[in-house]
Every structure is written in C-alpha cells, then in structure tokens.
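Asks: According to TrEMBL:
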TRANSMEM  32-54  transmembrane segment
TRANSMEM  181-199  transmembrane segment
TRANSMEM  219-238  transmembrane segment
TRANSMEM  259-281  transmembrane segment
TRANSMEM  357-375  transmembrane segment
TRANSMEM  396-414  transmembrane segment
DOMAIN    678-979  domain 'Glycosyl transferase CAP10'
C-alpha cells in the first residue's frame, strides 16, 4: 500500500495543475447539475473499481483483540511516567456506537455533497457577482481543527529536551517543530498569501452586470463562503471514513474506500431525482434540460475523466498523509499554477494588476509550504495514524521550489506598468496611413479599360456583363470608389460552388413561404416589383429598395431576390463546408472571349412565385435562444477558441480574447474585433448570441440579402433602405443646429431602447451590449468596478512641472472610481420609455436597475453634443451614417458589419470601442481630458480636443464622399450585376471583355 503513496501525490499535483488550466474554459458548467451527476456517478464507479484492487488490510496499523492501536508518545499526552494504562477489556469497547458514527458520517457526507451542488449551481448562475475565492483557507481550517482536537491537549516543548551543544537555529527549529500551533501558523500564512496573490494578479472585472436591484451582490459571496464550510465538512467526513474502525475489528481497506463510493452514488441518485422533479414541474425549461450539445458532451467527458483521476489520487493522499497535508499540497499547487498563468497572460501594462504583490505573495507561499513540509517531517505528527509526506524533505523538492521562484521572478521582472506614449496617438497616426493607402488602391482606374483590367487582376475573372453601364453610372455620380468592391467578392464567392439552378431554386424556397421572413423582389424586362405575401410592417423597406433599384433597373437582367425582413442575420455555413465552397469559387476557368450579355432565357430560368404560400422551410428557429455555438462559431476553424473553449466566468474580462485586436485598453483593429473565432466570451456579451428576437437561420448556403451580419455568417450585404430613405436623417435646423465643435456640449450622448435582444425571464439582459454600456456609464448604486485610465505617472507630473520637455513622459493605468469619472466627464447615456423585449421578472428588474427611464428626445438633438455613442441594436445601428455626416465625433461599439465597412477607417473617421467596454472611459478621457484625485494625489490628463475635432471633420468629409445615397445605388448596382451573372446558366461564358473597354 505504501507504494501507492507517491503515485497518489504525483497524480494529485498533476491533476490539480490540469484542472486549473481546463476548468476556466470548460463547457461543463453550462449545465452544472448534469455535469455533477455524471462526475459523481463516474467517481463512484472508479472508486468501486479501486476498492477491488486494494489489499484487504491496511498493513500499517496493528490489530489486537479486535482493537487498533497506534504508537502515541506518552510525553505528548502529558503522562508523568512511561507506563501506560491497561488495555481495554472487551466490555469497554462500544461497537454499536462506532457503527452509528460511521452511518452518521455517511449521511452527513451525502447531505453535504447535495447541498454543495446546489450552492455551486446558484453561484454559477450569477458568477459575475462572485468575489475572490477563499478556497485556499481550507488547509487552515483543518489545521485549526487539528489544534482544537489534538494539538492543544499535547504537552508543549520541554526545556529539558534542549541540546546545550545546539545552535540558536537548531533551538528555534525544534521550538517551531514542536509548538502546538505549528500547523496553524504555516497554513494561515499559506492561505492568506494565496488569496492575496490570486486577487492581485487576476484580470479586471468585466462589464457583465451584477445588478444592484437584485440580491446576488451579497447572495453569491455568501454562497461562496458557505461552500467553503461544506467543502470542509465533505473532506472531514471522507477522512473519517477512510480512517474509521467498525465492529469487532479493523475495517478492511477496500470497505473504507467503497463507503466513499456509495456516498458519491447516493448523492448522484438524489440529485438526479431532484432534477427529474424539476423537469416535470418546469415545462418552460424542457428544451434546456434535455438538449445536450456535442461541445458540452465532449468537454464534460474530458473534465469527468480528469476529475475522477484527481479525486482517486486525493482519496489515496488523504489515506496516506491526512486531509490537512493533502489540502495543503492542493492549495499550494493550485495557487502557484493560477498566479503563474495570470502573470504570463497579464504581462503588459494593461490590464493593470498588482504584479509586485502577486510575486511577493507567491514567494511567501513557497516559504510557507516549505515550512509546513519541514514541520511535518520533524517530531510533531498530524492527527490519526497517517504518515508524513516525507521522512526528510528531499533536495529535489527545494530545487523545484527554487525553479518556480526563478520562473516567477522572470515574469515579474519582465512585467511593465508604464508606457512612453499614449496608444491612441499611435492609432490615429496609423489610421491616417491606412486611409491614404486605401484611397490609392481603390480609385486608380481612370477609364473603363483600366477599371476592367483592375477588376480582372483583383478578382481573377472578367467583370460581369453590363459592367460598362455600371462604370458610366458610377463616374457620372463622381464615385470615389471604382476598384475596391472586395466585400461583394467575399459575399458571393461561396455561391460559385452552387449551380445557377440551385441558387435560383433556393431563392424561390425562401420567398414562397412567409414564415421565412424573407420578402421577394422580382426584376422582369427592366421593371422591378415586389413579390406577393409581403408583411405590411416591412413595406417601407421594400419600397425603399424598389426606389433604389429603379435608378438602374433597365441595365439588370431578369432575377428574383430574397431580402431578409429581420434585423438578425440568417445563413451560417459551417467552416469546413464554407472553405470548400470558397476554394471552388476561386478555381474557375479563365474565359478567353466572354460574351457581354446575359442569357436570352433568363425569364424562363426563374420559377414563378405562387399566389398561395408554401409551408416547407429549410430554416431552423432559435428565437429567444442562444445562437453562438449553433450559428455563430460554426463559421470558425475547428481548433479555434470559439469552438473549443467556453468562457463561463462572466465576472472577469477575458484578456486573451481582447489582446489580438487591442493596444492596451484601446481597440486597435476594428476588423479583427469582429472576428469571434478567438473571442469565446462574446457568447455572453451580445443580444444576437444571447437571445435574438427573431432568428430563423440555415446552415446550408441560401441566398439571403441582409442589411448587416456578424462574423461567420454568409448573408449577402446590401445598402440598407433605412439609410437610403433617411429613416434617421442628419437634418440640422435653426431649432436643432449643429454648432461648431467648441460650442458643443462636452458630454457623451446616447438614447435608445432595450431592443438588442429578448430577455424573457432568465436574466439575459445583464450581458447585452446596450444595457452593459448604460450600466457602465451611470455607476448604478456604485455597483461598477473602478475603471482603468491611462494617465501620466507621478514621476512625469513632477518632471513636467520642472521642465517643458515631454520626452520623458511616461503613463500608467490607474484605477479610477466610477463616481470620480462621472463627476468629471458627465455622460448622458440613458434608456428611453419603458423596457422593451422582456418577459417575466426581467421587465421589472431592468426597470428598477435603470430607473429613472427618460423620455425619448428628438433625433436632431444629437448634434448639440461633441461625443455620440453608437451601439448595435438587434442588428446594425441606423444612426451611424447620420452621426458621420455631423460635426460630432461618433464612438461606435458593435459586432455587426455593413456594406460600407471597408470604406471607413477607425480612428480616422470615428472612434472604435470594444463591445466589452473595457476602454470606454479611457478612450473618452483621452479626448475630453480628466482631472481628479486618485490614491491621494491629483491626476491631470490633458484633453485632446483638437484630435477629436479633426476625426469628426474627417469623418464628415469622407461620408460626403463615399456614403451618399448615390454611393448606395452604385454599390447595389454592381452587386446585382454580379448576382445576375452568378444566377445565369451561361455564367462560365459571359462577362465583360477587357478589350471591349
């Protein structure tokens, strides 16, 4: 049995490290009750199997007369003589009481496990309100119990035992090793520094709402503390069962482990019965209870295997070295692993962490752990008949601790808290260079022939028939963009993997069933008409499209088009299939002499739209349900984080998700920010993924034209009729003027409704972008964490006061209380009217959280403010283009992208924000300036009003160049010419010949 000791300790260490790495990204916590039932049942089976392999006797204790004895030093018990009392007679042994104790321990263990699972479920449901874990306190609790139950009854160190020849070091060592409180001191020190290290090195709080109007701000921390008590009770019961005697003799070793297995199995059965009862009486949750996505299944199975192995090793460790030593090992390994991972991930100035505190905490933890091991290997013995971890602490362990120390020293030394320039300065400079490069490559062509050749070089095929009409139309309207229509190419490329007949048939399927929420527009013989069966509520949209197409319809071939009537995007082809289709689209034969005309039989190629709607549909409805893993991440590579990881802890900012597209706290790459493949945390941070209002999607490639889409969707983008017919218009007047920049209100302004998604009663609103930004901007009941602001360091402030040179200016992130930021900057960000798109308690909860709601304002009031915030709704925001046309500076956050996305440059024409909001205050403070007291010192961040005004004016000028109504027509004209070729049976022979230009 002794040979299993080191295998168990090794397994505990390795298992703890692997669990620390896998738990933060597991899907298992999506359904915690399902997971716990599986884990408990699996652990029971594993321990049952272990019981069959163990020897019948422990082999480490002696048995006599049905009674177990262990060697207990008499001096520890305070005996005046070395004699001992007589052995107990059989009459003195109370076997029934011991049996009752075993049964009581078993029942308490089962009950504690069941209650602990419920606490875990409650905590995970509102994990955004959780605080720093206190789990490292467990070894201290066991040490305190050991002191109260055993150590304080033992005799302290005897002065007669002192060695007069020994040194003061040896005397102190002996005193510490025999002190009654030796374990309490070592474990208390380890617990304290572990908690401090985890708190100091952790990522910043996320903007996921821990509602002030709900009780979870105090309930969840309470559940965490109660969980520690139950963890203590569970481990205590397990230790007692593993070292318990029963009846007329020592309990066989397998029986001890099997009793723990039965406790796990009983707990699993009880939780399963409770789950069945929940299923019976909660009809609204039937789908959630019974659906088991493949991602959840495989992730849970992997975690289950790892947990089972770790628990078996833990049980063996408890048997060999006791629960106090086992918990000490696990705590030290977990704290070391987590803090080292934090230091590795957060090695840059952002996010701001107390790297020095975390480093010192780990150093002290190493000392505390080494002290514990040294104490345990000395004369003092832990309770029960367990053996120490080491008889003498080996040199290789000190070497391992030294390696850990040097590794953390390197991470701490490489960490920097300061930067020598403000990232926004660089982002603005780089944006200007990118914009100039875009201008140079988008309008090089000055003649039709040059435009045709540029098209052929760019897209490796001839322009579509009628290209000459498009060129004439575009140049007559002074289009700046002639050559760069990459977004059209990206959208249509996969459709070349379908035959023209398949594309036409799928279009017919979409527009012949009104349930699909797709309206049809037909073009026949130069006339455009709306198909029957269109919902009256969206008639304005189709009328706008007819108006837009009418300007160039005479040059278009006959065709049918399916337009998405919903705000949400619709088509998400799995990555593997989409990549195959793109490859097919790129491997086409070059046409030697293309025919510059569409087929004469176009009208016959399109099936007529029936008056009576059909009922068959290829779409799947996920309205009010999560869509991220079913439709969002399917467009990502199989190995991407979005398809392999689940960021379930919504309470912390996912720094690995933001790093690729960020420069510190500021969004640097607007295009990459839309790519969800490295951002699994977006599953809980936007309404389109949490609970869309109207979502009917397909995984097959159906030709649906949409106004906007998120990454991974294959909808075809077109200019929105909302903007074309000016549903939200930039129209200043004497009553609502657009004053010059210096005369504008310096506040940041936003008004809107909770229309991003539906929150039917399960709290989805707490993750939606609009609600999070409103919460972030208003510090509701002081429930928002301090925000990082990049400000001059104390050294820079003192230097600037004594010298006019700015060459030595350094900046660092400082955490500002939100109350100070609001007092200095005064945002005006509010939800209007009543709460929309909600159900059950979510309506009243939101109304209470965001109270008071404000009345709606005239849209033209926006121009009074310098800074305008633009946020996604259920789809794209219809306000952004009017914002660009104004003299104000738009701040934009969102995941939806539109037809104009390639044309507008972030930091050149508008200010981009991450949808998580971590850079919201820092970005605004850069432009508006900031002054206040933080940490007992006055901090001043100079305003960059000039930069803000220049970006606003550049955006206004550029919008007047490339985002006019005429530019929408030009884009749509070219898109429909491409669509006409794509759906033509002779598409491999038709095209505009370069020579003809």
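Glycine residues also receive a Cβ, built from the backbone N, Cα and C atoms like all the rest.
Each of the listed features needs to be described in terms of its position in the shown structure.
Replies: Packing against the transmembrane segment (32-54) from elsewhere in the chain are residues 1, 113, 117, 120-121, 124, 253-255, 257-258, 260-262, 264-265, 267-268, 271-272, 275, 292, 300, 303-305, 307-309, 311-312, 315: each is 6 or more residues past its ends and has a CB under 8 Å from a CB in it.
If one looks beyond the transmembrane segment (219-238) by at least 6 residues along the same chain, the residues whose Cβ comes under 8 Å of a Cβ in the stretch are 105-106, 108-109, 112-113, 115-116, 119-120, 122-123, 126-127, 129-131, 133-135, 137-138, 141-142, 145, 260, 263, 315, 318, 323, 327.
Long-range neighbours of the transmembrane segment (259-281) within the same chain, counting only residues 6 or more positions beyond its ends whose Cβ lies under 8 Å from a Cβ of the stretch, are 33-34, 36-37, 40-41, 43-45, 47-48, 51, 102, 106, 109-110, 113-114, 117, 237-238, 241-242, 289-290, 315.
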Asks: Which whole-number mean pLDDT does the model give the domain 'Glycosyl transferase CAP10' (678-979)?
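Replies: When the pLDDT values over the domain 'Glycosyl transferase CAP10' (678-979) are averaged, the result is 93.
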